[in-house]
Amino acid sequence: MIELTTNFIDLNWLNVMYLFFVGLVGGLVSGFIGSGGAFVLTPGMMSIGVPGLVAVASNMCHKFPKALVGAIKRAKFGQVDVKLGLVMGASAEAGVLFGAHIQEYIKKTFGDAGSNLYVSVAFVIVLGIVGSYVLLDALKTKDDSQANKPEKITKIAKWIQSVNIPGTMVYFKSLNAKISFLFTIPLGFATGMLAATIAVGGFLGVPAMMYILGAPALMASATELVIAFVMGLVGSFKYAMGGFVDIRLAMIILAGSLFGVQLGAIGTTYVKDYMIKIVMSVIMLVVLVSRGLMIPVYLSQLGVISPLSEMTVKILKSSSFIIMVAALLTGALIICSALYKGLREERKLRRLVELPSSDTVK
Amino acid sequence: MSKRKKSFVRVLFFGAITGILYAGLFFNEPIINALCARGGLYALFPVATAFVFSFAHGNFTNYFWQALGVEAKKGAEKTLRDRPVERKEIRTQLRA
């Protein structure tokens, strides 16, 4: 237990401001695309020296109340499928508990470097696969939505919606169909396990709801907030029981992130579905590069590869950090410009409606 | 305009509560760190803290953007108030 206390880093003003900013942008992104935004927050915390496990745990503790606030906001826009969120959330719980167990085991056996390596490798693999798939799909849907075609449902989603297993069929409003809840179990479990590993279950949950179950991107990203709340609550409790939650870190991030999550949620009402996919994939792929650069550092710390020179470690660390910041800013910029454009057009439209109406109605 | 004024008062109210909460957190840092690192049933402490902070701060940020005039696209918000009015209109049209 004494060793655990030393896991909490000392905070100075610079760190606090940095975390607030990271939280703001992370919240902005998560309000917009639905996943916890932790893919920027976890590495963000790790880059100022927070051990991987404490970063994941503290992140989760700020995530569930934030997800609740975001879900309530987006439910007002009619984008949340609460039933699907709760059903997926239940199996995600099991995934979280399993994933947290693995995390603790790795930390005990291989120490901080092992835990950091595990988190980073999981990031690279998941972001690589899901990020490129979502990007390809976003480019495809962009053409479709310009031609005003409705969003297509994938073949696998069509098949799942056609299977009838008596006694297990549930109607979900986001899918506008009845499906067997058995299909949601592995998806929820994988989402939860990933959430406990890298604190971003949404990277699996959102694409799974979109491509495997057939939910529209807007609703999938909003429903993910319900899943994030359910599993974040239990996950935080589990990590907190081990003494891994640094509440100071969690609350600083929450401070910035609640500003962001509200803004991100408002932003979704001004954009088309494909825009959410583009933002999601661009950020995923940039963060992948940032985390990938750190893998050799952790490998050398574990003695798997020959030790790197101090200079190389420094270069790798700073380029990873700079790329991370670039990912944050890119995402924030895309969302803010979409929001700005939307707000401006809306005001222009309102003015047009207000002014000429008095002239034309004669 | 009055809506904005209302939001502004609420921003101040929830802002003050949030400020007090954060001040409490950082002025009692050693105790709070000790409570968090303890584990076991003390896990309730960080979880409950997160709930309280998010309630105060969530309201603060909500009214903050509202006071600045950053709001969702009109028509996107489906409030319960809007629905019955729409239905009433349809019914009168049908009867006519």
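Glycine residues also receive a Cβ, built from the backbone N, Cα and C atoms like all the rest.
Unlike curated entries, TrEMBL annotations are predicted automatically.
Features reported for this protein in TrEMBL:
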- A:12-33: transmembrane segment (TRANSMEM)
- A:39-61: transmembrane segment (TRANSMEM)
- A:117-136: transmembrane segment (TRANSMEM)
- A:179-204: transmembrane segment (TRANSMEM)
- A:211-237: transmembrane segment (TRANSMEM)
- A:249-271: transmembrane segment (TRANSMEM)
- A:278-299: transmembrane segment (TRANSMEM)
- A:319-340: transmembrane segment (TRANSMEM)
- Most Cβ pairs under 8 Å with the transmembrane segment (A:179-204), selected from A:12-33, A:39-61, A:249-271: A:39-61
- Checking A:39-61, A:211-237, A:249-271, A:278-299, A:319-340 against the transmembrane segment (A:12-33) for Cβ pairs under 8 Å, the most are found for A:249-271
- Who are the long-range neighbours of the transmembrane segment (A:249-271) in its own chain, taking Cβ under 8 Å and residues 6 or more past its ends? 11, 16, 19-33, 37, 41, 45, 50, 54-55, 58-59, 61-62, 65-66, 69-70, 73-74, 77, 79, 218, 221-222, 335-336, 338-339, 341-343, 346
- Query: Against which stretches of its own chain does the transmembrane segment (A:319-340) lie, if we need a Cβ under 8 Å and a gap of at least six residues from its ends?
  - Reply: 22, 25-26, 28-29, 32, 40, 43-44, 47, 263-264, 266-267, 270-271, 275, 278-279, 282-283, 286-287, 289-291, 293-294
- Quickly jot the same-chain residues contacting the transmembrane segment (A:211-237) by Cβ under 8 Å, restricted to those at least six beyond its ends, or write none. 32-36, 57, 60-61, 63-64, 67-68, 70-71, 74-75, 77, 79-82, 84-86, 88-90, 92-93, 95-97, 100, 133, 137, 151, 153-154, 156-158, 160-161, 172, 174-175, 177, 179, 183-184, 187-188, 191-192, 195-196, 201-202, 205, 245, 268, 273-274, 276-277
